[in-house]
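Asker: This is the structure I want to talk about, given as structure tokens.
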Amino acid sequence: MATSAIQQSAFAGQTALKQSNELVCKIGAVGGGRVSMRRTVKSAPTSIWYGPDRPKYLGPFSDQIPSYLTGEFPGDYGWDTAGLSADPETFAKNRELEVIHCRWAMLGALGCVFPEILSKNGVKFGEAVWFKAGSQIFSEGGLDYLGNPNLIHAQSILAIWACQVVLMGFVEGYRVGGGPLGEGLDPIYPGGAFDPLGLADDPDAFAELKVKEIKNGRLAMFSMFGFFVQAIVTGKGPIENLFDHLADPVANNAWAYATNFVPGK
């Protein structure tokens with residue numbers, strides 16, 4: 001009888017949790033208008049990447065993990081030598097900044113390599129190397145998107161600068177200022193219209209995707225740093241540097257360039 005009671009209690013708890021997780025959106029009338037809101041339901045992920053038994057930054061050789069790093073959030077490997085996450089408010093702010101920079105870095109890394117890949121496969125560009133492409137706007141013909149003047153044709157660096165400042169500055173200022181458009185939404189994972197494929201509908205799958213995003217984003221940030229260094233040292237794009245390394249790994253590697261690099265030459 002006791003076993004039956006425990007099973008019934010567990011089943012009831014699972015049913016309540018499922019109903020709670022399924023209630024993601026709530027439509028209500030506010031001032032005669034309709035406002036779509038997403039309610040974030042926090043449940044303990046079953047993934048190996050969360051909780052006290054999650055993988056640590058040095059595996060079994062990791063030192064004492066700070067008590068405030070409990071494995072609640074994605075990407076927590078228990079490493080915080082500088083104590084940057086000790087304050088909860090600072091931790092929340094840094095988490096948001098990291099995810100935003102991860103997403104920018106992933107887009108940036110794709111933008112650095114994709115034009116070179118297309119160029120090497122026959123697509124004509126004015127300049128496919130990422131750090132040289134912008135200078136095409138100063139050429140006589142201006143800058144054509146994908147080398148096609150019928151798509152986006154830019155000739156004024158001032159117009160490009162104004163668009164960047166006005167459009168991106170406005171959006172970023174709105175985000176930082178906490179505009180009413182995002183009220184009731186998670187600032188990092190808003191869902192709703194920002195998740196048209198419904199990737200976050202399954203809580204366990206969503207927890208896994210958060211980990212994948214942060215891991216790939218951190219890798220992308222390191223990649224972008226590497227692309228910057230490559231541009232300064234070799235004057236070539238990442239794909240061309242890769243081909244050079246594959247052709248002659250001994251002469252074209254980080255150690256060889258570091259020992260022979262002379263600034264300004």
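Placement of Cβ uses the backbone N, Cα and C atoms for every residue, glycine included.
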Asker: According to Swiss-Prot, TRP79, SER85, GLU98 bind chlorophyll a 1; which one of ARG175, ARG218 is listed for that same site?
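Answerer: Given TRP79, SER85, GLU98 bind chlorophyll a 1 in Swiss-Prot, the matching entry from ARG175, ARG218 is ARG218.
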Asker: According to DSSP, does GLN164 (chlorophyll b 4 binding site) fall in a helix, a strand, or coil?
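Answerer: Where GLN164 (chlorophyll b 4 binding site) sits, the three-state DSSP reduction gives helix.
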Asker: Counting other Cβ atoms within 10 Å of each residue's Cβ, which of the binding-site residues SER85, GLN136, GLN164, ASN216 comes out lowest?
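Answerer: Comparing Cβ neighbours within 10 Å for the binding-site residues SER85, GLN136, GLN164, ASN216, GLN164 has the fewest.
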Asker: Beyond the listed site residues TRP79, SER85, GLU98, ARG218, identify every same-chain residue whose Cβ lies within 8 Å of the center of their Cβ atoms for the chlorophyll a 1 site.
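Answerer: Neighbours found: GLY75, ASP76, TYR77, ASP80, LEU84, ASN94.
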